[in-house]
Amino acid sequence: MTTFVDRVELHVAAGSGGHGCASVHREKFKPLGGPDGGNGGRGGDVILVVDQSVTTLLDYHHKPHRSATNGKPGEGGNRSGKDGQDLILPVPDGTVIQDKAGNVLADLVGHGTSYVAAQGGRGGLGNAALASARRKAPGFALLGEPGDFQDIVLELKTVADVALVGYPSAGKSSLISVLSAAKPKIADYPFTTLVPNLGVVTAGSTVYTIADVPGLIPGASQGKGLGLEFLRHVERCSVLVHVLDTATLESDRDPVSDLDIIEEELTQYGGGLNNRPRMVVLNKIDVPDGKDLAEMVRPELEARGYRVFEVSAVAHMGLKELSFALAELVGAARAAKPKEEATRIVIRPKAVDDAGFTVVLEEDGLYRVRGEKPERWVRQTDFNNDEAVGYLADRLNRLGVETELMKAGARAGDGVAIGPEDNAVVFDWEPTVMAGAEMLGRRGEDHRLDEPRPAAQRRRDKQAERDDAEKEYDDFEPF
């Protein structure tokens, strides 16, 4: 059963915003108490967060569809709906997030680093929030916006200081097992290591991580063997260690040719690996022929500029010198890195109030309107409510959409689409028509709020009659 997965395709969906509520305050002796509909709740976000305890993407391999909860709708009594709960997805340190086209969206390195993969939709406004001095009793509310949906690719690149590279069965897993407390699978056959293994090494006051990468063979950079699949784990390492087998039983191999082949594969792969500090480890010197071969090839390797160490992972020979030499290289690599300054957090809200829009006449005679505001307003409109449709028409008119349509040559009855081709609202354009004006006048205005109430008028009439009667009584003069 697979226990390590370093590349998955994930489908994330944020929660939709809750709909606003259209209601009227009801109380005894107050038949027209005014609008009191609450706003809808915000939809939950989908957030990827680095968790140091997570080492694989296996969970997302089995469950690739993840979604956050929707916001709750608003209620009467000015009660807003509850926000949807954010969905937090833990990922390993070193996870790279890409879109399906291969563009890098985020590179998550460091515990707690996060990325919002899908943003929740905003909740719709209730009619209480839509009320104004001119629009005292809106009979509608705005709908919640749908949440984002995105297909992303998660790719894990191991974060380690040192990478052990070499042919299969060169002894990389044995070496990492004796240098650290890691317990990789070790066996006497090629490709025993199928997944990268990480270990922590302490050398004096220096602590560093070391990665055992699955064996490479000729053509690994073109996809042969397992190398191409795992070469990405070498990209983040500061130091490369060539582990060469001095006791191989294959007649056509020797440490120098193995080194040349692995170097060629690293060069072909790219990723800036050519500039990494390198070290050569001649392993298995506990074997008599291995010791002789190591002493034979060492001068040639040193002539190329490599630091060479003769070790035996099985017999624990030369390990202390190797660990301290690696610590020295890691320390130099860390010192050479630019000092990380504290990140200045700048909050830049999403520009959802961009007033810009375009009107384009398409070949089929349809006028298409594109813009942040018009498209957002369309998503928030309940087209089953005539008053809401009229409110949308008023907003588009004030924004200048009608004027631009006229400039583009639109006439009454022409088709107008607002939004992209795959999700647009299409209607026949009627300029300067105020939908529902014959009933309500200004959009959302209720004349009943301005007219005298019958009960109050009767009370005033009765009071006037009593005042007149009292005045007549006071003015009465007996005979």
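Start at 1 and count along the chain as shown; that gives each residue its number.
Each Cβ is built from the backbone N, Cα and C atoms, and glycine gets one as well.
These come from Swiss-Prot:
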- 2-159: domain 'Obg' (DOMAIN)
- 61-87: region 'Disordered' (REGION)
- 160-331: domain 'OBG-type G' (DOMAIN)
- 166-173, 191-195, 212-215, 283-286, 312-314: GTP binding site (BINDING)
- Ser173, Thr193: Mg(2+) binding site (BINDING)
- 349-431: domain 'OCT' (DOMAIN)
- 440-479: region 'Disordered' (REGION)
- 440-453: compositional bias 'Basic and acidic residues' (COMPBIAS)
- 470-479: compositional bias 'Acidic residues' (COMPBIAS)
Which sequence-distant residues neighbour the region 'Disordered' (61-87)? Criterion: at least 6 residues beyond either end, Cβ under 8 Å. 2, 5, 8-21, 23, 25, 36-47, 118, 120-121, 123-124, 126, 128, 141, 144, 147
Return the count of C-beta atoms lying within 10 angstroms of the C-beta of Lys284 (GTP binding site), excluding that atom itself. 27
Helix, strand, coil: count each for the residues of the region 'Disordered' (61-87), based on DSSP. 2 helix, 6 strand, 19 coil
Write out how many residues of the domain 'OCT' (349-431) are helix, how many strand and how many coil, based on DSSP. 29 helix, 18 strand, 36 coil
Provide, as an integer number of angstrom, the distance between the C-alpha atoms of Pro214 (GTP binding site) and Ser173 (Mg(2+) binding site). 9
Tell me, roughly as an integer, the mean pLDDT over the domain 'OCT' (349-431). 85
Neighbour count (Cβ, 10 Å) for Ser173 (Mg(2+) binding site): 23
Rounded inter-Cα distance in Å - Ser312 (GTP binding site), Ser173 (Mg(2+) binding site): 12
Going by DSSP, is Gly166 (GTP binding site) part of a helix, a strand, or coil? coil
Which of the three DSSP states, helix, strand or coil, fits Pro214 (GTP binding site)? coil
